[in-house]
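Asker: Mind having a look at this structure? Questions to follow.
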Amino acid sequence: MTDNVPDPRFGEQGGLLTYGSYLRLLELLDQQRPQTDPPAHDELLFITIHQAYELWFKLALHELTDARDRLLAGETYLPRVRLERCRAIGRLAVSQVDVIDTMTPQDFLTFRTALAPASGFQSVQFREIEFLSGLKDPGYVDRFRGLTDAERDNLLRRLDEPSLWDGFLRVLAAAGFPTDSAEDRFAAYATIAHDRNRYGPLWDLAEALVEHDQTWALWRARHVLMVERQIGTKTGTGGSSGSAYLRSRVELRFYPELWEFRSRL
Ligand code: HEM
Ligand SMILES: N[C@@H](CC(=O)c1ccccc1NC=O)C(=O)O
């Protein structure tokens, strides 16, 4: 067999592992179950897009958790690599909204009422990403309705454990920068920004955090537009004011000091 002639049995060897069995496609593709009767054509789109989001959220949490652990251990290289992958996932999450935009508001209404009181507000993984990134609001755990014990445990654990921001501060401290007060930290950012030759990895890491922050801010902004396009200013199925609530979340930042620092440069 020469190198460039494929074995005619290519893909058949062993006969045990298959594409479908490795990827558990029977199970995966059996999980899209529209509820509406009579069937609403766009409900399959709605379920599929949310499931795709949750898969990407799962991978993002895997990456961010490893980035956080490595920062706490004093590493800078792989945490930045992990954050870059998350940024690519985040961009995908933002552009995926285009698919929802192909649904008209009147078609959404054919199954919307059947969704209440469920809402994206109850996405545990979304809130885990916020907590792990550094935006910890314990109020959200109490406001969740219908959490399983395992989901509640996940959220409480994320609230309790160090965030990516804690990891970043650990790395700054390991490089000799005091980080106790905000003024200490602003002094550290200035030193790092003005001596990239010496502090390149720390600068790149801070910028990767800003990118991560920006990606989720873009998602919040894109989500509000999608919501207003679908339901205008109606209240949400989750019981919030809808777009007014979501607009108040657009201003949120994971790392406000890294944004504030821009004004001080
Ligand atoms: C037709 C499309 C959509 C509409 C009309 C919509 C509407 C809303 C509304 C009104 C809320 C506020 C909570 C409430 O009272 O219900 C909300 C929250 C949320 N939605 Fe959506 N949504 C849509 C699609 C999506 C998609 C595709 C995702 C992806 C996972 C998503 C994720 C979320 C999340 C994570 C929240 C909580 C945001 C926060 O608390 O900051 N939504 N959505
Ligand atoms: N909150 C949306 C409904 C909605 O979008 C939704 C419903 C159930 C599960 C996920 C959802 N997605 C995002 O909020 C609404 O008020 O129309």
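Using the three backbone atoms N, Cα and C, a Cβ is placed for every residue, glycine included.
Note that the structure is predicted; figures quoted are calculated from it, not measured.
So TrEMBL says this about it:
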- F46, I47, T48, I49, H50, R112, T237: substrate binding site (BINDING)
- H223: heme binding site (BINDING)
Asker: Could you list, ordered by sequence, which of these binding-site residues: F46, I47, T48, I49, T237, have a Cβ under 6 Å from ligand 1?
Answerer: I49, T237
Asker: Max CA to CA distance in Å over the substrate-binding set F46, I47, T48, I49, H50, R112, T237?
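Answerer: If we measure all Cα pairs in F46, I47, T48, I49, H50, R112, T237, the largest is 19 Å.
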Asker: Let me know the most crowded of the binding-site residues, choosing from T48, T237 and counting other Cβ atoms within 10 Å.
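Answerer: Within the set of binding-site residues, the most crowded position is T237.
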Asker: So, three-state DSSP: helix, strand or coil for T237 (substrate binding site)?
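Answerer: The residue in question, T237 (substrate binding site), is coil (DSSP, three-state).
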Asker: Across all chains shown, how many C-beta atoms besides its own are within 10 angstroms of the C-beta of F46 (substrate binding site)?
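Answerer: Its Cβ has 19 other Cβ atoms within 10 Å.
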Asker: Cβ under 6 Å from ligand 2: which of the binding-site residues R112, H223, T237 qualify?
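Answerer: Going through R112, H223, T237 in sequence order, those close to ligand 2 turn out to be R112, T237.
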Asker: Measure the Cβ-based neighbour count of I47 (substrate binding site), defined as the other Cβ atoms within 10 Å of its Cβ.
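Answerer: Looking across every protein chain shown, the total is 16.
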Asker: Cβ distance under 8 Å to I49 (substrate binding site), same chain, sequence separation 6 or more: which residues?
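Answerer: Sequence-distant Cβ neighbours: Q96, V99, I100.
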Asker: Taking only same-chain residues 6+ apart in sequence, whose CB is under 8 Å from that of H223 (heme binding site), what do you get?
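Answerer: Once residues fewer than 6 apart are set aside, H223 (heme binding site) is near V97, G120, L246.
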Asker: Just jot down the residues in the same chain as H50 (substrate binding site), at least 6 apart in sequence, with C-beta under 8 A of its C-beta; none if empty.
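Answerer: Once residues fewer than 6 apart are set aside, H50 (substrate binding site) is near G120.
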Asker: Would you mind checking how many other C-beta atoms are within 10 angstroms of the C-beta on R112 (substrate binding site)?
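Answerer: Cβ-Cβ neighbours of R112 (substrate binding site) within 10 Å number 18.
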